[in-house]
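Per TrEMBL, the features are as follows:
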TRANSMEM  20-44  transmembrane segment
TRANSMEM  56-82  transmembrane segment
TRANSMEM  103-127  transmembrane segment
TRANSMEM  147-167  transmembrane segment
TRANSMEM  179-201  transmembrane segment
TRANSMEM  213-232  transmembrane segment
TRANSMEM  253-274  transmembrane segment
TRANSMEM  294-314  transmembrane segment
TRANSMEM  349-371  transmembrane segment
TRANSMEM  377-395  transmembrane segment
TRANSMEM  407-428  transmembrane segment
TRANSMEM  434-453  transmembrane segment
COMPBIAS  486-495  compositional bias 'Basic and acidic residues'
REGION    486-513  region 'Disordered'
Amino acid sequence: IALLEFMVRIERLYSDMTGLVLSVLSTDLFFSFTGNIIGSGIFVSPKGVLENASSVGLALIVWIVTGVITAIGALCYAELGVTIPKSGGDYSYVKDIFGGLAGFLRLWIAVLVIYPTNQAVIALTFSNYVLQPLFPTCFPPESGLRLLAAICLLLLTWVNCASVRWATRVQDVFTAGKLLALILIIIMGIVQICKGEYYWLEPANAFEPFQDYDVGLIALAFLQGSFAYGGWNFLNYVTEELVDPYVNLPRAIFISIPLVTFVYVFANIAYVTAMSPQELLASNAVAVTFGEKLLGVMSWIMPISVALSTFGGVNGSLFTSSRLFFAGAREGHLPSLLAMIHVKRCTPIPALLFTCISTLLMLCTSDMYTLINYVGFINYLFYGVTVAGQIVLRVKQPDMHRPIKISLVWPVIYLLFWAFLLIFSLYSEPVVCGIGLAIMLTGVPVYFLGVYWDNKPQCFNTFMTYLGQKFCVVVYPMEDEKKNEESAEEIELKEQSVPLSAEDEQTPKSADC
């Protein structure tokens, strides 16, 4: 407790006065980065990886290789993040390197399907694991699942609107909780190995296939594993809000991703010490089945740990997606209202509300898993496009200032893996990948009508912006050039419009500002 209090004091001492404020030291970076990667994926993906890898040994190799590739991708993104220091992640990089249309398509697919669907699925997973113990002999009612998922989304949206620090504290607490649960799984696995329960880890048995090996299926196994590592580009969405990103960003990568890889690999080792491949494939809740086999009366720990994991996952996804929409609005690719922040709390309330509403709409649909398959292919397509942009930027602007500069060997390795993943995924699932491409291409006419067309009527947009400002009490953040004209002692958040009320003029701003 004393250590945490000390960290909070240090954090406040180094608080920076920016439009979007997030004073984060390396401890917060570590918790936020690790917490955003470790989500529901580790409790869902083991089945998908094993099913497509066709053997336990190859499945473990997939987990290790995916962790290495994730680290390489994160390093490539780290260079881009400090070279193009804009919140918005790969959207900002693709737009600056390849132009407005490419950036808009990345934003379009994220706004339309990726973030709303992922958040809805994670929230439904949370509600399922909370309610399942209350319905031991049947599945929870569909209406109850959706209602609890909606309450989860609304609560976390309120937290993110209220304070950036509260949002990061939620991430810290739930990251610690789920790491402890995964440590329990790993310890139980070690106990099982000490008891001699490692039949499926012996080389002769580990690589014994239960179906014929297939390159296309192996690519899908990597795609399933990559889903569990999703969120590795989290910090690039909040680059402008980080304290000393040149030091803390690589440090977070070097600590967090090896830790996540270690946890994932040993969690899967623990699973196969208690279950055969056939038992694992027959379970839709691997961690729960594991707990029932080894924990006895304490098996309730597993659904609780999954609930903690997914609750933190929803928080992290809300945090990053609202920043992406904020960046898109600032560049003119989304309504300008989404680029505004609260006059005292300095949080992007309109972007958060937009994210929450779009996710709640996804809870009204029933076929979300198909949507995830559609956009998963496109998501990794843009990862590769972004890393390719790093090479293009090196060629076009070799003298550009790069506080972090990695060898071009790493983006080349990433792109080779990316090409293998996408080509063979397209070969194995042509319909799913084709529909994902079709969803992305629907953004082309929207771009030319909504962004490229400059002479369209402005009255409706002006009215909606005014109405939104009054409702959310938000203004545009201070421009960078204005901040550069002021000394470090005099920097403060300045509103570009008059206060909306006398109360706003008199009330001091939150410590987040």
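Counting starts with 1 at the first residue shown.
Backbone N, Cα and C define each Cβ position, glycine as well.
Residues 69, 72-73, 75-76, 214-220, 222-223, 226, 377, 380-381, 383-384, 387-388, 390-391, 394 of the same chain lie 6 or more positions beyond the ends of the transmembrane segment (407-428) yet place their CB under 8 Å from a CB of it. Contact between the transmembrane segment (179-201) and the transmembrane segment (434-453) is not supported, since fewer than 3 Cβ pairs fall under 8 Å when only residues 6 or more apart in sequence are counted. Contact between the transmembrane segment (377-395) and the transmembrane segment (147-167) does not hold: fewer than three of their C-beta pairs are under 8 Å, each pair 6 or more apart in sequence.
Contact between the transmembrane segment (253-274) and the transmembrane segment (56-82) is supported: at least 3 Cβ pairs lie under 8 Å, counting only residues 6 or more apart in sequence.
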